[in-house]
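What follows is a single structure, written as structure tokens, with notes after it.
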Amino acid sequence: MKLLHIDSSILGDNSASRQLSREVVEAWKAADPSVEVVYRDLAADAIAHFSAATLVAAGTPEDVRDAAQAFEAKLSAETLEEFLAADAVVIGAPMYNFTVPTQLKAWIDRVAVAGKTFRYTEAGPQGLCGNKKVVLVSTAGGLHAGQPTGAGHEDFLKVFLGFIGITDLEIVRAHGLAYGPEQRSQAIDAAQAQIASELFAAA
């Protein structure tokens, strides 16, 4: 099984989402040693944001693309193929200013591709990635789950994943991290307990 592990936090070793996403992957490997992990750090190796140049590159025949267009097309193709090849995805998704990191949004824009991850039909849009499992590691300084302030974070990610057909979704949540050392410790402990006792108990 191929597992795509994505981190998007800019905080490096101080990141709770990185710590927890790593622990999810480690637990997954312990439950299934055959797992092949591909790691993408969207902060250290940021993907260029979706732009007019991206669309122009996609619409230009390969043999007449200039260097910039070739780079854009290659980036889009490699990012998409990496996602399509994965059987499962672990996404570290901290909340920044009520939404996901811009680096994660740039990745989403490269994998939300009509005809590849979804398609339009007479009955409406149809997701094409229903065979994938996703574990979303959601972290935030405040308490936003189920609140209007969380609409651009977890809710947005659930809408996107559902749109491309993913229904096998687990959320590991550590919120309230900025409410003090005790609250932070409790939130991380609860997330770690979920990883250890729930995610892979039957794996």
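Note: Cβ is positioned from N, Cα and C throughout, glycine not excepted.
Sequence-distant neighbours of Thr139 (FMN binding site) (same chain, six or more apart, CB under 8 Å from its CB) are Ser9, Ser15, Ala16, Ser17, Leu20, Gly92, Ala93, Pro94, Met95, Arg173, Ala174, His175, Leu177, listed in sequence order. Secondary structure at Thr139 (FMN binding site), taken from DSSP and collapsed to helix, strand or coil, is strand. Annotated FMN binding site per Swiss-Prot: Ser9, Ser15, Ala16, Ser17, Met95, Tyr96, Asn97, Phe98, Thr139, Ala140, Gly141, Gly142, in sequence order.
Cβ neighbour density within 10 Å is lowest for Asn97 among the binding-site residues Ser9, Asn97. Mapped onto three states, the DSSP output places Met95 (FMN binding site) in coil.
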